[in-house]
Each structure stands twice: as structure tokens, then as C-alpha cells.
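S.K.: Can you keep this structure in mind? I'll have questions shortly.
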Amino acid sequence: MDVLALEAKSVNGADAEKKSSSRPKPKPPKKAKRIVYFEVEIVDLKTKEKLLLLDKVEPTATVLDIKALVHKSYPKWYPARQSLRLDPKAKCLRDEEILQTLPVGTTASFYFRDLGPQLTWGTVFLTECVGPLIIYLMFYFHLPFIYSPKYDFTSSKHWVVHLACICHSFHYIKRILETMFVHRISHGTMPLKNIFKNCGYYWCSAAWMAYYINHPLYTTPYYGQMQFCQIGNFSIHVALRNLKPPGSKTKKIPFPTKNPFTWMFWLVSCPNYTYEVGSWIGFTVMTQCVPVAFFTLVAFIQMTVWAKGKHGSYLKEFRDYPTLRSSILPFIL
């Protein structure tokens with residue numbers, strides 16, 4: 001009995017050894033990859049003075065992350081106020097660019113420029129639009145100290161004056177609502193000093209045209225027309241908004257939609273500017289006022305510059321961009 005038990009035990013042991021030897025041996029744990037950290041030097045663009053040395057910056061850090069590190073050392077320079085570039089004459093780096101993809105070694109020098117105090121574009125747009133709206137209405141209602149005291153709070157007898165006020169107010173109310181609910185602005189901020197230039201242009205132009213259109217001695221124009229381009233302008237803004245998901249900065253080629261007002265995309269890259277110019281031309285014809293004509297001319301020149309810039313960026317970024325399109329005026333400009 002004891003011999004049989006010992007033999008059975010030895011057989012079972014041999015089988016166990018065979019099974020254990022047939023099992024695959026566990027793989028040794030993989031060694032963690034060694035992270036190569038970067039050393040980033042921040043240099044003042046003007047003085048070439050070394051401002052900061054950032055040690056052990058992760059290779060996956062973005063330009064925005066580097067700006068945040070600079071902000072920790074210099075609290076007054078918040079990220080929106082900073083401009084970083086690899087060369088003093090190069091373009092500013094975008095916030096989303098990643099350190100390890102830039103043409104630098106493990107020791108990189110970034111040239112820093114202080115952009116000054118910044119404001120959000122939404123704040124700038126609202127300030128630009130609220131001013132002309134209020135200023136025009138002050139002239140329309142003949143508030144004191146604008147015209148002769150005998151005309152205080154009087155109303156014009158000409159229908160075109162009231163129609164002009166409706167059109168002007170509608171234009172700026174539409175822009176305010178678009179700023180609040182439609183526009184998705186890629187650039188987050190702009191320098192504070194620019195708001196004085198922008199507001200000075202819009203506010204002074206509104207006061208200049210409103211003074212003459214609402215003047216008690218204003219004469220009725222020989223002919224006029226209502227403006228219908230505001231709906232087209234709004235339609236284009238909605239179409240452009242739908243191209244960008246919330247928080248995205250990716251660019252796409254805008255194409256016409258089922259809305260007929262967007263069909264201008266077949267002919268121009270910036271139909272919102274085309275409709276905007278059309279609105280002001282209609283307003284000029286309706287009021288036949290020299291300040292309005294001057295404002296329309298200046299606005300057309302400025303919007304042409306913006307449209308040509310955007311059209312050029314489309315052509316550079318998209319190889320399959322429609323060649324039929326012009327910048328702002330179909331087949332002309």
C-alpha cells in the first residue's frame with residue numbers, strides 16, 4: 001500500500017512539473033520610456049534680455065502651457081497678453097502648437113513680446129455697436145443741446161427720416177444680437193488701445209450722419225429705396241457659425257446652404273461683406289446724405305482689405321478651394 005501511494009505521488013508530481021513547464025513564462029514588465037524634458041528660455045524681444053528659464057518642460061506642452069508658466073513668474077502678463085515666437089522676425093506661435101513639434105532642440109529660446117492690456121472681442125464688438133445705436137437715437141429724438149432749443153424733443157415730418165432710424169437701429173441691434181448669440185470668434189482678445197480707435201470711428205460716423213439726417217431742416221430725397229441686404233448678411237453669419245463647433249479653431253470651406261441668401265458663396269469668399277456694403281449703399285441712396293456716402297466708401301475700402309486677406313488665406317490653406325470665387329464683388333474684386 002505504501003509503495004503504491006509513493007508511486008502515485010511521484011507520478012502526480014511529474015505531471016504537475018510537466019504542466020508547469022508547458023505554461024508560458026510571464027513576460028518581464030516593460031521598461032518605462034524615458035521622457036526627454038525641454039529647457040525653455042524666455043527672451044525679451046526688444047531688449048534681448050533673458051527673462052525666465054523654464055526647466056523640465058514636458059515635450060507635450062503647448063504654447064499656451066508655456067504662457068501659463070510665464071504668467072506664474074510674472075502675474076501681470078496673463079496668457080492673452082503674451083506673444084511668443086521662435087525668431088524676432090517670425091510670426092507669433094499659436095496657442096495650440098506643441099513644443100515637441102516645433103523646429104527646436106531640447107533647449108529652446110522663445111522671444112517674448114508684451115501685447116499690453118487686452119479686451120475680449122465680444123466686449124469690443126458690443127461697445128462698437130451700442131455706441132452708434134444710442135448716439136443716433138439721441139439725434140433722432142432731438143435731445144437738448146443738439147439743435148436749436150425750439151426743436152427739442154420734436155419729430156420730423158419726413159417719412160424717410162423715420163425709416164432711416166428704423167434701418168440704422170435694426171442694423172446695430174442685429175450686430176449686437178449676433179455678437180451675443182451667433183459669432184464664434186477665433187481670436188480671443190485684442191489690445192485695449194484699439195477700442196478707442198474702433199469706437200472713435202463708429203461713434204463719430206454715427207453722430208455725423210445722424211446730425212444731418214435728423215436735422216430739422218433736412219429735405220426729402222428725390223428718390224429712395226429700402227435695404228434688403230441685412231437678411232443676407234445675417235444668413236451668412238449663421239452659415240459661418242455652423243462651420244465651427246463650439247470651442248473649435250479648425251477651418252472649413254464655406255459652401256451655400258438651402259438658404260438662398262447663402263448662394264452668394266458660389267461667387268465670393270466673403271458674402272457677409274458684400275451684403276454689408278449693399279446695405280450701406282441702400283442706406284446712402286435712401287437718405288442721399290453726404291456723411292452716409294463717405295461712411296459707405298470708407299467701410300467698403302476696409303471690408304475689401306479684410307475680404308482679400310480672408311480670400312488669400314482660403315487659397316493658401318485649401319488646395320481644392322473654388323477658383324470661381326472673388327473676394328467681395330463677383331468677377332470684379
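Backbone N, Cα and C atoms are what each Cβ position is placed from, and that goes for glycine too.
No curator has checked TrEMBL annotations; they are predicted automatically.
Okay, these came from TrEMBL:
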type	residues	note
REGION	1-30	region 'Disordered'
COMPBIAS	21-30	compositional bias 'Basic residues'
TRANSMEM	119-139	transmembrane segment
DOMAIN	189-333	domain '3-oxo-5-alpha-steroid 4-dehydrogenase C-terminal'
TRANSMEM	195-213	transmembrane segment
TRANSMEM	280-301	transmembrane segment
S.K.: Please indicate, using numbers and ranges, the residues of the same chain that are 6 or more beyond the transmembrane segment (119-139) and have a C-beta under 8 Å from a C-beta there.
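M.R.: Distant contacts of the transmembrane segment (119-139): 146, 165, 168-169, 172-173, 175-176, 179-180, 183, 185, 187-192, 194-195, 198-199, 202-203, 205-207, 209-211, 213-214.
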S.K.: Give me the mean pLDDT over the domain '3-oxo-5-alpha-steroid 4-dehydrogenase C-terminal' (189-333), rounded to a whole number.
M.R.: 84
S.K.: Per DSSP, what is the residue tally for the domain '3-oxo-5-alpha-steroid 4-dehydrogenase C-terminal' (189-333) in helix, strand and coil?
M.R.: 89 helix, 5 strand, 51 coil
